[in-house]
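Novice: There's a structure below that I have some questions on.
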Amino acid sequence: MIDFEPKAGPFAHTSNTSSRIMYTVVLTLLPAALMGIYQFGLASLQTILVCSVIAIVTEYLCLKLMGRAANACMDGSALLTGLLLAMSLPATVPMWLAGFGSAFAIIVGKQIYGGLGQNLFNPAMLARVMLLICFPVEMTNWAVPTPIDFSGNQVAVPQGWLQFDGVTAATPLSGLSHEPVSIVAQFLGLGGGSLGETSALLILLGGAVLLYRRIIHWAIPLSFVLGLCVPAAIASLIAPESFSSPLVQLFSGGAMLGAFYIATDLVTSPTSVRGQLIYGGACGALIWLIRSFGNYPEGVAFAVLIVNAASPLIDHYLRPSVFGSKSMARKS
Amino acid sequence: MLNLLSRPFRGGIHPESYKTLTNGSGIDRFFWPRNVFLSLQLRNGATLTPLVKAGDSVTRGQLIASGRNDMVAPLHAPVNGIVTGITPHFSSHPSKVKCDTIIIRANSDRRWGETHPQQNYLALSSEQIIERVREAGIVGLGGAGFPTVVKLQFARKGGAHTLVINGGECEPYLTCDDVAMQEYAPEIIAGVKLLMIASGTKKAIIGVEDNKPNALAQLTSAASEDDAIEVRAAPSIYPMGSERHLIKFLTGAEVPTGGHAGMVGVLVHNIATARAVYQATRFRRPLVSRVITVSGKGIGAPRNVEVPVGTPVNEVIEYCGGVKESTSRLLFGGPMMGQVISSPYIPIDKTVGGILALTDDEVKTREQTECIRCGQCVRACPMGLMPFQMAAYARLSDFSKTEELGVNHCLSCGACSYVCPASLPLVQYFQFAKGSINANRLKAQRSATARALNEERVQRLEREAAAKAAAKAAKAAARKARPARGKVKETEND
Amino acid sequence: MMIITVIFFVLLGAVLGAALGYASSVFKVESNPLVDEIEALMPGGQCGQCGVAGCRQAAEAMVRGELNPNACPLGGQSLTQTIADLLGVSVEMGEEDIQWVAKVNEADCSGCGRCYKACPFDAIVGATKQMHTVISDVCTGCKLCTQVCPQDCLTMVQVEPDTRTWFWPKPQQAATANAAA
């Protein structure tokens, strides 16, 4: 059937879709998530599943309530939000807390702004910060990595689905100056921490795929890493006893996840390259400041939310220069 | 990454080119139409006055309609035949608006009516060449359709120093310039020389995308004798064929925003235009036919065909093996900036470079979703605009904001819509915004005219009232002077 | 200390209040400059289609907030936008901006000449006892002529878009957004 109705072009299109972008990001996150499951046991699988399912169900209910096409809940964005939240939680959080956080992320973090593409803040980080402030005890109950022993003798066995009695300890960040952690171990992901944040290597690999597929742009990860490492390097050179080295900063906590997956969130980051450089740099520097001088040991979520708020402003003031505007300025 | 650094300008995309459908075989010169339809209104609204009437017989190349000034190129009969009528008919405009059209029934005689070959054409003066171009009704064949004579005169006045010949042809599918360069390289080079004489430019650069190696080789060898003409390969990136971007790549100069090529001393003409100038000068043949690409997966036998101007789409498609069942869109021009053919009876005008029959598989129409601010459009825009923001404001009908963001600098190249993962009709939002801004401007003009007329009228009425009062006063004075007579007259009048 | 603070603020209030009162009487504006500015933008036909007697009165009503900035059909969207910007209000834009013009039905025209006397824009030409015609490029569509024609031979017609004035319509919005609206 030939369609003669006038329509403006173009009549060619990439095969890329928003949904494909979302699912690609989810896929590249899976290795790090699997690492989390391996390290912290089946409880982490439980957390991941609860967060993802609750996110999708909440999204479905919200879309229904607002009278929108409810099948959009499967576009991958809700799943991604749930997964990112799960990965930033301690592996041993109670299920009700994970589910509550996930629903909060979708409702308050995304849908009240008008749904996909409208939210100001990263929903997963908003939920994480809310949980951290409301439930500080549960949120800082870090499980010591007790890898699944495939011979069947697990050390930390979840005792029933709702009670997990893992061994807990401080995260490397909260005890930075006391017991130095091997950087290599952290890079590989053998240290403690949140469920999916431990293995810098796997996150880096996932991020490389995203860069290669042009889903994220190099500007944010690069400036993020520089923003975090440059002040850290200077400070640790001046006072090595009170500041940790840039590599420790980079490979511990949520820094790598933040650089490749959270700060680069498409909806809440600026769109121009110049804007992204400033945004990423500010985010990295803020993380270092919060970690070094703040009350909380980890600053990724706070830093991301702060720069998210600045993102519209950055987009407004740092537009790309229009073709020919420079030569026009020279003329006049 | 490397790819990114070597880009000739910021932005741009690499769509699948589909050029192999038609670039292998030569130009098919055997097509001849049954009827031709020559619209008397151009796309910009300017009209032509017909010089023939129904029943007249016309010869190929005969002048049949003329415009008011140089901005409206004259029309010549593209075929020998009989004028069957001058009636409203579809024009190649997306709106389905009909306008007066000369319809000629063609006979099978393909000879030119009268042509005067010009020996030693390179010795002609600038004025003489410009005059031939004017007579021949040549317009830019790249798509914009701007009269060539106006551009030449403008370049002469503005003192342009470089002639850029656009062989970019960055639109997917289209290969008509490519095959023309392969087959008519000497004619094109001769046309370039004529254009240089006519415009007074000292140097010519022919820019050809590097995905046309044969065309490059042919042109290079044809131009090898002339040092003033340089043939250069340009990287294949859409929209390399955009005037501004080609100039930037070839000369390094950036045309100022909102300005034109003349401001950097450059004059740009298309490959096919150069050949038309040669034909007009050498043989005094007006522009009555052009090479177009008939392609797409929906076409039976894709090829490049030389068609007389005014041929309706259905005749050309029929000649090229018809369209397949799976065809979903017919287009004039390439898929990026082309226009929907809204009826198969629309004639081809001088600016049409191709007819495409695209299948669903190629168009990839999808349900639009919400913008996720991914910034792909911002990075793809060759003009450095922020398409997603402009579209958001256009959606709210906030045109002042849309204009502030630079919608009027948008080329409508479609790179943003091409990359958009949410399948937003970005280009249509911009077309809508540009149209609305223009309509508002026209409305404001109308208001201003009305206001001026009203003020004039009020003053006129005052003047008339004052004149009346003065006349009355004069009369009264006269009555006072001669009371008796005046009184008699007044009673008589009553 | 307490007393000093109280006295200070009382005095400050008194001084500022006096200054404001003085300023309001000294810098008093006889006519609101906004009204003049808006009136200058209007077509000036005094056609009364906005429901107010004349353009000046309409401008006054708009400044007072009693009349919507989009009340003037002759000015269309561009005028509405300009006035709304001047007044600093936001206004709902209609999607369609139709241009109406008067058209003389030649068969019925008696050549009475009332219509061209009524036209505030001199957009109708003709002579007494001869047919009149409307210059449609100038006609604003104010309808004043239709009210005076004894033959009822003046009708208002929409200007059909031609290739100069046609432009792309606004795209249909996404299905999800439509459902929400």
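Using N, Cα and C of the backbone, Cβ positions are placed for all residues, glycine too.
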Novice: Hey, TrEMBL has [4Fe-4S] cluster 1 bound by B:CYS371, B:CYS374, B:CYS377. Any idea which of B:CYS176, B:CYS320, B:CYS420 it lists too?
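Specialist: TrEMBL names B:CYS420 for this [4Fe-4S] cluster 1 site.
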Novice: Of the binding-site residues B:CYS371, B:CYS374, B:CYS377, which one sits closest to B:CYS416 ([4Fe-4S] cluster 2 binding site) when you measure Cα to Cα?
Specialist: B:CYS377
Novice: Which residues does B:CYS420 ([4Fe-4S] cluster 1 binding site) neighbour through Cβ under 8 Å, counting only same-chain ones at least six apart?
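Specialist: Result: B:GLN376, B:CYS377, B:LEU426.
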Novice: Out of the binding-site residues B:CYS371, B:CYS410, B:CYS416, which are near chain A, with a C-beta less than 8 A away from one of its C-betas?
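Specialist: Cβ contacts with chain A under 8 Å: B:CYS371.
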Novice: Ranking the binding-site residues B:CYS413, B:CYS416 by other Cβ atoms within 10 Å, which is at the bottom?
Specialist: B:CYS413
Novice: Identify all same-chain residues not among B:CYS371, B:CYS374, B:CYS377, B:CYS420 whose C-beta atom falls within 8 angstroms of the centroid of the [4Fe-4S] cluster 1 site's C-beta atoms; report them in sequence order.
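Specialist: Here the nearby residues are B:ILE372, B:ARG373, B:GLY375, B:GLN376, B:PRO387, B:PHE388, B:CYS416, B:VAL419, B:PRO421, B:ALA422, B:LEU424, B:LEU426.
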Novice: Would you find the one among the binding-site residues B:CYS374, B:CYS377, B:CYS410 whose Cβ has the most company, meaning other Cβ atoms within 10 Å?
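Specialist: Top count of Cβ atoms within 10 Å goes to B:CYS377.
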Novice: Between the Cα atoms of B:CYS371 ([4Fe-4S] cluster 1 binding site) and B:CYS410 ([4Fe-4S] cluster 2 binding site), what distance do you get, rounded to the nearest Å?
Specialist: 19
Novice: Return only the integer: C-alpha distance in Å from B:CYS374 ([4Fe-4S] cluster 1 binding site) to B:CYS410 ([4Fe-4S] cluster 2 binding site).
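Specialist: About 20 Å separate the Cα atoms of these two residues.
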Novice: Going along the chain, which residues six or more apart from B:CYS381 ([4Fe-4S] cluster 2 binding site) have their CB under 8 A from its CB?
Specialist: B:GLY11, B:PRO387, B:ALA415, B:CYS416
Novice: Hey, what's the Cβ neighbour count for B:CYS371 ([4Fe-4S] cluster 1 binding site) at 10 Å?
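Specialist: For B:CYS371 ([4Fe-4S] cluster 1 binding site), the count of other Cβ atoms within 10 Å is 25.
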